[in-house]
2 protein chains.
Amino acid sequence: MEHATFPPLPLVVICGGTHGNEMSGVYIVREMQKQKVEKAGSVSITTVLSNPRAVEACKRYIDTDLNRCFTDALLSGPITDSAPYELRRAHELNAQFGPKGSEEAVDLLCDLHNTTANMGLSLICYSLDWITLHIYKYIQSKVTSVPVRLIQLTIPISEAYSLESVAKHGFSIEVGPQPGGVLRADIFNIMKEALDLTLEWLQKFNSGSTFEGGEVEAYTLVGNVDYPRDPMTGEITAVVHPQLQDNDFKLLQPGDPTFLLFSGKTVKHEGEELYPFFVNECAYYEKKVAFQLARKITLTFPSISVKLDR
Amino acid sequence: MEHATFPPLPLVVICGGTHGNEMSGVYIVREMQKQKVEKAGSVSITTVLSNPRAVEACKRYIDTDLNRCFTDALLSGPITDSAPYELRRAHELNAQFGPKGSEEAVDLLCDLHNTTANMGLSLICYSLDWITLHIYKYIQSKVTSVPVRLIQLTIPISEAYSLESVAKHGFSIEVGPQPGGVLRADIFNIMKEALDLTLEWLQKFNSGSTFEGGEVEAYTLVGNVDYPRDPMTGEITAVVHPQLQDNDFKLLQPGDPTFLLFSGKTVKHEGEELYPFFVNECAYYEKKVAFQLARKITLTFPSISVKLDR
């Protein structure tokens, strides 16, 4: 692969509280705001609590999941005072940090999330973005306390529904396990480390460093598995099997147990060998997702450096 | 100590969802209701979702914490349609299973709770109740998968604020760690085992078995420790220290770290050696409790059997 150059990345936005009960991001943003962190070398930093009303209520959202509101369709629709709070907020955030897909959009948006699943540190991104791959590789090479993984959502950017999609480049930093409404020191420190490394990489990039090309493993979403449910009431009739619980990213083979029914029976995985993640994530019960399944792929990327003659 | 006899204990109430987002009890009760479990030998079982509206919303409570509504003062006050939902519900539950302190109260009430703290299996009870101590000893002798502990709240029964206090005998079964809104198989199974052993003990007791006296260790609440907070905003300025997190019931000695301030400094425990519990429980942020502290005591109790000539 040939060498690639990109314009400098001076404008960075760090968002916490996109889900109001995911506490690491809320407190990282609050602390940066208290300490008036607005610069890291060449990088200008804007910090935002994306969903202040949900943060205040310590809930994921007030009316609807903010982090599903950033599709082109939702952002281009009309907005009225009676629209769901989060949709109105999505329009505000898009106006402030986008507009999505435009030249005016900020250079990079980093959105901070927690999960109740035992996922360690994951970066989640859309499509193939060499900037994100390089940042991921940088973080992975430095963080030793937990597994660091990359999850790629292969949907067109127009249908990309999450906040980071309004920026030119962006990703979510997802760290778990942490219960909703709880702040754990270990999880906080991992997220802070990932964020500091992101800012460090951006400064090096902007200063003219060349980053070697290479390859990374990534997990690409294949599908969702719902809990077994009562067809009449919709209530779950099973719990994630103890052998799957906490085993995010451990290869699930045909015949491996996935659910323990309240009746005592075991449900087993059928079909392809795949990697489960977001296993028993609190917020996904209502989305009818007990866990997601991914295929492991290898992504190759070129060496990059800044294009200084922008 | 001499031998003691008690009247039979035929009427048992099992409550889940007193806190609507503590899922083990919600699903144990729902499953018992689906399977129409109304008897266990000589024991007549009533199952209840204590706070159905909070269960529906998957929140701890709607207006106020139901499990703080059962003091004599709150139960004897007037109730209007504009009273908080949980206070109205407390009056209903007291009428149904109490009245608290009366001859008509049910024999035993077992209330099912979860915590985000790493507490294993705990029984929580008020004052010295030999029935509860014997059930505790029975559960402790049979459960091997997690530590089993007894927490005693030494406040007068008139000021006892939680649901089980409406019955002649009662306790909470508290199992963790489990995030709010999440159902884990391991935690579910531990709670189910404790409940099954309680019912087994009651049947043996009612059938005339004699239970040997002895002694057990218990933890008696000494006080609460709040998070360090900003005096202006009330916001927390620290997180539970990694050396304290998940170490419920590990003796806290003077000089041991308790909090990690966002500034990077460490706060240390001062004063008496005590045992921390409910460390970083989600629902206690708003109650201004980062963890509770207990002293370890030894409780002695006599052999007991049923008084058959009631």
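Quick reminder: no glycine exception, Cβ is built from N, Cα and C everywhere.
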For this session: For the Zn(2+) site that TrEMBL lists with B:H19, B:E22, give the additional residue from the candidates B:H3, B:H91, B:H113.
Result: B:H113
Exercise. Which residues, same chain and not among B:H19, B:E22, B:H113, have a CB within 8 angstroms of the centroid of the CB atoms at the recorded Zn(2+) site?
Worked result: B:G17, B:T18, B:N21, B:G25, B:R60, B:N67, B:L112, B:N114, B:T115, B:E174
For this session: Check the Cα-Cα distances from B:E174 (active site, proton donor/acceptor) to the binding-site residues B:H19, B:E22, B:H113 and tell me which is shortest.
Result: B:H113
Exercise. Given the recorded positions B:E22, B:E174, which one is most crowded in terms of C-beta atoms within 10 angstroms?
Worked result: B:E22
For this session: Mind telling me which of the binding-site residues B:H19, B:H113 has the densest Cβ neighbourhood, counting other Cβ atoms within 10 Å?
Result: B:H19
